[in-house]
């Protein structure tokens, strides 16, 4: 049993750790909200691009949404554990933080290793979408139209990619290739955008995914602080048998 004098000396230290950990947990909770918002934003804003990638890539926004939700719940638990000054709950909190950190680290490594595969997958699927393009409104054709309308581009590398498609042989260029609104390009190359979409899309994906990767990396590193604080507070409570009177 710790002496009263030692317990009295320990109280300010534990109170300090508790205050800092509460501030950290609140900020950690906010990062969960940010990740959740980024995941929803990615699902809405980048849906056209993800629809032309493989099925695994389309799950990226849902991974961010799920991670953000878990962080919000874990942050709530961490706040409760800190307020209760419970050693075992703080150890559990630190363990969960470590687990999430490792998952995020593995996900970041996998994403970095397979980044070139994403480019090749998009290019191949975009070429396939052009060959199978139709005006009846399937999701790939809609994605092609939205990308070409938004980025003012036509084809994969340039507008001539359309000349090898069945749609071109029947109707010419699609309206989404038009330089001007409500034009009917048919086979008139002067009425369509000359630039291809692939380079433009890759530029956007790299910039937007850079934002997502930066936020995710920051959240992962931030968790190391929480692991350290939770562990230190738990040890201080256990070693000195601190109790709230």
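Placed from the backbone N, Cα and C atoms, the Cβ positions cover glycine too.
Automatic, uncurated: that is what TrEMBL annotation is.
According to TrEMBL, the disulfide bond annotation covers 154-178. Other C-beta atoms found within 10 angstroms of the C-beta of residue 178 (disulfide bond) number 20, with every protein chain shown included.
Note on the transmembrane segment (21-42): residues 60-72, 74-76, 78-79, 82-83, 208, 211-212, 215-216, 218-219, 222-223, 225-226, 229-230, 233 of its chain, located 6 or more positions outside it, place their CB under 8 angstroms from a CB of the stretch. Under the heading transmembrane segment, TrEMBL lists 21-42 (among others).
If you look up TrEMBL, you'll see 62-80 (among others) marked as transmembrane segment.
Here TrEMBL flags 92-114 (among others) as transmembrane segment.
Residues or ranges marked as transmembrane segment in TrEMBL: 211-233 (among others).
Listed as Cβ neighbours of the transmembrane segment (92-114) (distance under 8 Å, sequence separation of 6 or more from its ends, same chain) are residues 63, 67, 70-71, 74, 77-78, 81, 213, 216-217, 219-220, 223-224, 226-227, 230-231, 234. Counting every protein chain shown, 26 other Cβ atoms lie within 10 Å of the Cβ of residue 154 (disulfide bond).
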